[in-house]
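A short worksheet on the structure shown next.
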Amino acid sequence: MRIRLVINYEKEGAAEARARIEALGDLIEIVTDHPDAVVVMGGDGAMLHAARTYVDTDIPLLGINLGGLGFLTDVPVDRIEEAIHLLARGEYRIESRLLIAARARDGEVKGLNDVIVYTKIPGRAVELTAWVEDEYICRFIADGLIVATPTGSTAYSLACGGPIVFPETDNLIITPISAHTLSVRPIIIPAERRIRVRVGRKGRGAWLIGDGQEQLELKPDEEVIIYKYPRPVRLIKLLTTKFTDTLRAKMRWGGREDA
């Protein structure tokens with residue numbers, strides 16, 4: 001199997017992890033062009049960046065965790081050799097994950113986790129109005145608004161009170177950030193529906209942010225269209241990996257079945 005390595009060398013142990021993969025040269029060939037798979041070594045940030053980079057190629061991604069939480073890079077570093085053996089033997093499954101994009105006047109951002117419209121000045125709220133297609137949803141004053149994918153439902157959206165959604169579902173989650181009202185709550189909509197968000201006329205505008213890594217400025221009274229990207233991100237998952245097990249391991253969710 002031909003693999004390309006994407007490594008965050010700022011992570012401790014990155015060079016050692018690469019050497020361990022290179023030592024498995026009888027199983028895989030490390031290439032820079034036309035790989036069968038991309039192995040991402042780092043934290044979730046590295047995987048988010050790789051997802052946006054490779055989404056249009058249909059090349060699947062395997063994440064090896066050199067960071068902290070590692071919700072997307074869910075293969076622990078001590079299982080590198082096992083993971084590469086399974087990859088070479090084809091003993092894995094491919095999960096297609098929804099990616100979203102947001103189009104504004106000055107460009108576009110993408111997100112595997114989420115797209116956020118956020119106040120330009122921390123500590124000063126922004127007025128936002130949201131529609132799903134042409135159906136009015138809400139107007140509120142808040143720090144911002146998250147549109148999360150099912151993959152991103154366990155990220156910033158969860159911290160702001162949004163629900164956990166199984167990653168294979170085809171939905172988007174709209175979650176307000178510190179809304180100054182009791183009447184606005186997270187809402188789940190079909191992923192095929194487009195979301196339109198308008199920044200209030202007053203104030204200094206907002207930021208449009210994709211996965212916390214891409215950023216565009218939004219002017220007062222500017223609108224942004226958020227929609228399901230036409231191609232999914234393809235993630236390689238070992239056959240033993242289960243979403244609920246990852247929730248328990250990473251977030252201590254749900255307790256033990258035999259408790």
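Numbering starts at 1 and runs along the chain as it is shown here.
Placed from the backbone N, Cα and C atoms, the Cβ positions cover glycine too.
Remember, TrEMBL labels are computer predictions, not curated facts.
According to TrEMBL, the features are:
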type: ACT_SITE; residues: ASP44; note: active site, proton acceptor
type: BINDING; residues: ASP44, GLY45, HIS49, ASN113, ASP114, ARG124, ASP143, GLN213; note: NAD(+) binding site
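Taking the features listed in TrEMBL, we show where each one sits on the structure.
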{"residue": "ASP44", "record": "active site, proton acceptor", "contacts (Cβ under 8 Å, 6+ apart)": "GLY67, LEU69, GLY70, PHE71, LEU72, THR73"}
{"residue": "GLY45", "record": "NAD(+) binding site", "contacts (Cβ under 8 Å, 6+ apart)": "ASN8, GLY67, GLY212, GLN213"}
{"residue": "HIS49", "record": "NAD(+) binding site", "contacts (Cβ under 8 Å, 6+ apart)": "ASP211, GLN213"}
{"residue": "ASN113", "record": "NAD(+) binding site", "contacts (Cβ under 8 Å, 6+ apart)": "LEU48, ALA148, THR149, THR151, GLY152, ALA155, TYR156, ASP211, GLY212"}
{"residue": "ASP114", "record": "NAD(+) binding site", "contacts (Cβ under 8 Å, 6+ apart)": "ILE100, ILE146, VAL147, ALA148, THR149, GLY152, ALA155, TYR156, SER157, GLY210, ASP211"}
{"residue": "ARG124", "record": "NAD(+) binding site", "contacts (Cβ under 8 Å, 6+ apart)": "GLY203"}
{"residue": "ASP143", "record": "NAD(+) binding site", "contacts (Cβ under 8 Å, 6+ apart)": "TYR118, THR119, PRO122, ALA125, VAL126, ILE177, SER178"}
*asked:* Check the DSSP secondary structure of GLY45 (NAD(+) binding site), expressed as helix, strand or coil.
replied: helix
*List nothing but the largest Cα to Cα distance in Å, as a whole number, among the residues ASP44, GLY45, HIS49, ASN113, ASP114, ARG124, ASP143, GLN213 that the record says bind NAD(+).*
29
